[in-house]
Amino acid sequence: MTQKISNYQLIVLVANFILSSSVISLPQIIVQVGEQNAWLVPIILYPIFLLMIFLIFGKTSKDEYKNLFAIGKRGSLLEKGFVFLFFLFVFLVLIRDLRAMIDFISSVLLPNTPLDILMILSILVIVYIAMSGLEVIARINGIHFFLLTLVTIIIPFLLINESELDNLLPLPNVSMIKALFQSSYVGFSWLGEFLLFLLIIGNVNPIKAARKAVIQGTTLGFFLFLIVLFFQIIVLGTKIVTEATYPAYILVQQIHLTDFLDRLDLFIVAIWLPTIITKIAFLFYAFNHCLSMYYKSNTNKFMFPISFILGYLSILLFKNSMEHLHFSFEVWCSLGLILELMILILFIIVKKSAKKKGLSNENESN
């Protein structure tokens with residue numbers, strides 16, 4: 001039975017793909033490259049992503065989306081190559097995000113707990129959600145991302161007294177174009193993870209409003225990321241943002257409502273953490289779904305052991321948090337961009353071939 005999600009759930013899933021992991025430490029490298037003008041990066045990239053969305057959808061029927069991830073035995077080499085590329089993309093994002101979440105918990109919440117224990121506990125929670133299916137993931141994400149959206153919108157009002165507009169000086173000029181281009185290049189691969197929606201586009205009901213939902217989700221994700229990035233710059237300044245491992249966490253620590261209510265950071269972390277957990281749960285679901293294309297069975301029986309293998313890989317592949325940050329900032333910005341562009345190009349080609357097959361089958365039946 002095909003699992004269905006609503007257009008609202010698709011909106012918040014797409015926004016979550018963009019925001020939940022990038023908000024951790026992506027502003028650090030963007031501000032390091034783009035300095036005080038780095039807040040323009042989401043504005044620069046937004047039209048590019050809208051163009052990608054229009055290229056993806058075009059005039060496509062629901063059946064064409066279903067066939068993209070239902071290759072079966074008769075799938076062409078190109079179609080299997082597309083699934084493999086998507087599988088590789090999901091694998092790398094999963095390893096990166098899982099380690100990022102574990103490092104954050106280890107550094108901020110549970111500094112005395114070994115990484116192995118944190119990994120095991122995280123995997124148990126995440127896999128339980130992932131094995132429940134797409135509908136459960138979408139429902140959990142819909143609740144928690146709604147709360148995160150409210151908190152993110154409220155944060156600027158709570159930080160007005162801490163803001164220094166002088167941190168935006170000097171204003172953008174011609175000499176800053178190169179730095180903005182470089183920072184946009186770094187941010188593209190992270191924000192481009194909205195392409196994960198390709199896996200579930202055939203599950204959206206109704207499909208007619210799917211393009212509008214993806215556009216709204218992308219807009220929401222970019223808007224929330226812009227708020228966080230902009231206020232990190234005007235509240236903390238470029239020096240603190242570039243030197244801090246988790247500038248977003250330092251930002252929320254600046255919120256002081258009263259003398260006795262000054263630890264809202266833990267409350268906000270408690271709202272954010274479920275959103276990245278649901279994103280990683282979706283990545284496990286996507287990983288298992290792509291893998292099932294090759295052993296021709298859509299089942300969860302391999303998800304539990306595979307999840308622990310991936311969990312240990314996230315620890316073994318990076319000796320420490322610095323190696324993970326090196327991969328996230330220096331390797332992923334190029335590797336992720338290449339994978340995302342290849343996925344986009346192959347998607348368009350495979351979609352056209354699926355359309356031609358559908359037309360030829362109709363002619364044969366007539």
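Even glycines carry a Cβ here, placed using N, Cα and C.
Noted in TrEMBL for the protein shown:
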TRANSMEM  12-31  transmembrane segment
TRANSMEM  37-57  transmembrane segment
TRANSMEM  77-95  transmembrane segment
TRANSMEM  115-131  transmembrane segment
TRANSMEM  143-160  transmembrane segment
TRANSMEM  180-201  transmembrane segment
TRANSMEM  213-235  transmembrane segment
TRANSMEM  266-287  transmembrane segment
TRANSMEM  299-317  transmembrane segment
TRANSMEM  329-350  transmembrane segment
- Query: Who are the chain neighbours of the transmembrane segment (12-31) in space, where the CB to CB distance is under 8 Å and they lie at least 6 residues beyond its ends?
  - Reply: 5, 38, 41, 93, 96-97, 100, 104, 138, 141-142, 145-146, 148-149, 183, 186-187, 190-191, 193-194, 196-197, 200, 213-214, 217-218, 220-222, 224-225, 228-229, 232-233, 238, 241-242, 244-248, 272, 275-276, 278-279, 282, 325, 328-329
- Item | Non-local residues, at least 6 beyond the ends, that sit with Cβ under 8 Å of the transmembrane segment (115-131) | 98, 101-103, 105-106, 137, 140, 277-278, 280-282, 284-285, 288, 300, 303-304, 307-308, 311-312, 314-315
- Message: Taking contact to mean 3 or more CB pairs closer than 8 A (sequence separation of 6 or more), are the transmembrane segment (180-201) and the transmembrane segment (299-317) in contact?
- Response: no
- Closest-packing stretch to the transmembrane segment (266-287), where packing means Cβ pairs under 8 Å, from 37-57, 77-95, 213-235, 329-350: 77-95
- Message: Counting only residues 6 or more past its boundaries, what in the same chain has a CB within less than 8 Å of a CB in the transmembrane segment (77-95)?
- Response: 21, 68-69, 71, 193, 195-196, 198-199, 280, 283-284, 286-287, 290-291, 293, 310, 313-314, 317, 332, 335-336, 339-340, 342-343, 346-347, 349-350, 353
